Amino acid sequence: MDPKQTTLLCLVLCLGQRIQAQEGDFPMPFISAKSSPVIPLDGSVKIQCQAIREAYLTQLMIIKNSTYREIGRRLKFWNETDPEFVIDHMDANKAGRYQCQYRIGHYRFRYSDTLELVVTGLYGKPFLSADRGLVLMPGENISLTCSSAHIPFDRFSLAKEGELSLPQHQSGEHPANFSLGPVDLNVSGIYRCYGWYNRSPYLWSFPSNALELVVTDSIHQDYTTQNLIRMAVAGLVLVALLAILVENWHSHTALNKEASADVAEPSWSQQMCQPGLTFARTPSVCK
């Protein structure tokens, strides 16, 4: 092989190894939904793709039938925040798996983890019920049942309102039983269930009726109530003591005023008996 060709080949191989090493050094982007990934039909969701500062271009991709399709791209300058993508008018075509990818120079780097978005409202709603009262103590158990009398769903999912990830409670039974427990205070919240089919796992039914679970720590509440009672009694005692002190002060002030009046004004008989004073038609009272 010609020396020039050998040198050129070495440069190409070294450059390729350097690029691969650089790609391995950069972290993969992070994808997240700013709200719940369970989105009603025609609703919207905001997706954020976090990448390193050196990334000048971020792409959002949807995976359909093992094929990547670009949903959008954002240019980012050095000091700008991570780009956000808004998915409007959610429907069956936009539900599915999403990933982010960023670029540095002319090179593409690896994809982020997968974010799954679900659209609801495509089938009739199921019914959610409980096997006991909805107020529980920590450590107790409860079972929620999701069923549909007219639609033969393959699977059901139980979702808690406010969660920013897909429901972890899934069942292939019909009706589906979801056991919660032993519960703690974090289990409190509003729950709904959904039905869906295995062939289209990102297309869900309307949400069921809502059930609100309340986990209460009665021991802590009793302790708090007792403290409130003690504080109220102490407050009443303090008010009573203040009232007694104020009354005593008023009584003492009135007595001092009467004593001062007796000293300052001599009696009528004492005035008549002073030497050199005579009063007409005055009975003799001086002795």
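Glycine residues also receive a Cβ, built from the backbone N, Cα and C atoms like all the rest.
Annotation comment: Swiss-Prot describes Cys49-Cys100 (among others) as disulfide bond, evidence class experimental evidence. Following the DSSP three-state reduction, the secondary structure of Cys49 (disulfide bond) is strand. The Cβ of Cys49 (disulfide bond) lies under 8 Å from the Cβ of Pro29, Phe30, Ile31, Thr58, Leu60, Arg74, Asp82, Pro83, Glu84, Phe85, Cys100, Tyr102, Ser112, each of these being in the same chain and 6 or more residues away along the sequence.
Here Swiss-Prot flags Cys146-Cys193 (among others) as disulfide bond, drawing on experimental evidence. Every protein chain shown contributes to the tally, and the Cβ of Cys146 (disulfide bond) ends up with 27 other Cβ atoms within 10 Å.
The feature domain 'Ig-like C2-type 1' is assigned by Swiss-Prot to 42-107.
Residue counts of the domain 'Ig-like C2-type 2' (139-200) by helix, strand and coil are 3 helix, 30 strand, 29 coil (DSSP-based). Feature annotation from Swiss-Prot assigns domain 'Ig-like C2-type 2' to 139-200.
Per Swiss-Prot, topological domain 'Extracellular' is recorded for 22-227.
Among the features that Swiss-Prot reports, topological domain 'Cytoplasmic' is placed at 247-287.
Long-range neighbours of the transmembrane segment (228-246) within the same chain, counting only residues 6 or more positions beyond its ends whose Cβ lies under 8 Å from a Cβ of the stretch, are absent. According to Swiss-Prot, the feature transmembrane segment maps to 228-246.
Annotation: Cys193 carries the greatest number of neighbouring Cβ atoms among the disulfide-bonded residues Cys100, Cys193 [cut-off 10 Å, Cβ to Cβ]. Shown for the domain 'Ig-like C2-type 1' (42-107): DSSP residue counts in helix, strand and coil, namely 0 helix, 37 strand, 29 coil.
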